[in-house]
Each structure stands twice: as C-alpha cells, then as structure tokens.
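The domain 'Orotidine 5'-phosphate decarboxylase' annotation in TrEMBL covers 4-224. The substrate binding site annotation in TrEMBL covers Asp10, Lys31, 58-67, Thr117, Arg179, Gln188, 208-209. Feature annotation from TrEMBL assigns active site, for OMPdecase activity to Asp58, Lys60, Asp63. Sequence annotations record features per position, and here TrEMBL assigns active site, proton donor to Lys60.
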Amino acid sequence: MDTLPIIALDFDSTEKVESFLDQFDEPLFVKVGMELFYQTGPELIKKIQQRGHQIFLDLKLHDIPNTVNKAMEGLAKLNVDMVNVHAAGGVKMMEQALAGIRKYNPETKIIAVTQLTSTTEEMLHNEQNIQSTIEEAVLHYAKLAQQANLDGVVCSPLETNILTEALGESFLKVTPGIRPKDAAQNDQKRITTPEEAKQLGSTHIVVGRPITQSDDPVASYQKIKESWLG
Ligand code: C5P
C-alpha cells in the first residue's frame, strides 16, 4: 500500500501552519495533533482541507465508551482521513469510537495507539503493572483493536513485523520514529529510515522535525518521499 509520508504539523498557531504549507504546491498528508488542535480547533482543519491536503487528526481519545462515541460523532463531521484512540480504553470503547465515526462518515480510517513510544519496559512493569515485554503488550492491544474492527494501529517501525504476521498486511501500521540517514535523532530512540520502515512493513510513516525544522522543508520532504515510495 503506497501512501504519502504523513507530515506531523507540530506547530502552535494557524499562521505557522499556513506559512509552512505555503511552501508546497502539491497535495500532502499531514498530522494535526493535540498541541495544534487545542489552539486552533476545527477552523484550521477546514483551511488545510481547502488546500487539498489529507489529514490524520491525532487526538488519541481515551474515555468511557459513550463519551468517546459522542466525541467521534463530532469529529466525523470534520471529514478527516484518519483519527485515533488509545487501545487501553478497551474493546467496547473502540467499538463505540468506530460507531461514532461511522454515523456520519463511511471512509475515515480509525486506528489505535498501543503503547506510546515514550513508554519503556520498566514503566510498563512498574507503572502500568503489565508484566510482559513491550512487543507482547503492543501485540495484545493490536489484537484488541482488530477485534473491535479498527483499521490498524500506531506503533514503532521495529514492531511492524510481528503485527503483520499476526494481523495481516492490510491492518494499518502507522509509524513515527522515522529519520533519514543524515538527520538529527532528536528525542526519538528506536528509529528507522523510511526505506527500512517500508521493508519492515509500515503502511504509513509519520515524520515531523526532519521536515518542519529543516532549512529546506520541501527538499527534505521530497527526499523522504522518494525513499519511502521507492
Ligand atoms: O520526531 P518527529 O518530529 O518526527 O515526530 C513526529 C511525530 O512522532 C510527533 O508528532 C509525535 O506524535 C511522534 N513522536 C513519537 N515519539 C517521540 C517523539 C515524537 O511517537 N519520542
């Protein structure tokens, strides 16, 4: 499955997003997360769509099933291309999230966060009291997401192998933690290049700072796009 690299718009204002997008003259796939959405709201979503871009709205919903259902009904009206929830909310919550989106929108992909990439195995054991490896915990949550009929998960590119084996190629594996060979790692620890992510089975990659903080964002994006699409 070939899709565009998803550019993480980790900015704090509409102005910064617009001046970033002004540099591109092609349709993009962008990610709007909490930082941006909480400061700009649905208005910015409409503006990005009017420019012809696809949107992954990364709000990671996690609440009781009824609340998530109603929140997803609201988000469904924005007609974004992808939304997400935390798998830790449970199968019922994920089913209700899907029902909420589907009430107004037949197309939007809905995926689940398994374990945040900031969670270490030590935190998994000591704070969440889950006594398994990170990989086992990720696989377990991914199975629940598939059971709830979600389209896929967010995971590390280094976990995609086992997920493809257990859940199939078409189950989406959306992976941050991507760095071109020459880029700074920033706070990303378990990273791969775009080519490696593709070989390992990512269906979508999410890339932020190597593009948004680049001296030449368009050139950096083109390089990443070429190595991802092959
Ligand atoms: O690191 P980069 O700027 O490419 O991050 C892109 C996206 O990856 C961020 O929007 C965030 O959602 C996610 N991320 C992550 N783990 C980190 C840092 C960022 O999953 N340690």
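Placement of Cβ uses the backbone N, Cα and C atoms for every residue, glycine included.
Listed recorded positions: Leu59, His62, Asp63, Pro65, Thr117, Gly208. Those with a CB atom under 6 Å from ligand 1: Thr117, Gly208. In the three-state DSSP classification, Pro65 (substrate binding site) falls within a helix.
When the Cα atoms are compared, Gly208 (substrate binding site) and Asp58 (active site, for OMPdecase activity) turn out to be 13 Å apart.
When the C-alpha distances from Asp58 (active site, for OMPdecase activity) to the binding-site residues Asp10, Pro65, Thr117 are tabulated, the minimum falls on Asp10. Confidence annotation: the domain 'Orotidine 5'-phosphate decarboxylase' (4-224) carries a mean pLDDT of 96 in the model. Under the DSSP three-state reduction, Thr117 (substrate binding site) is assigned to coil, being neither helix nor strand.
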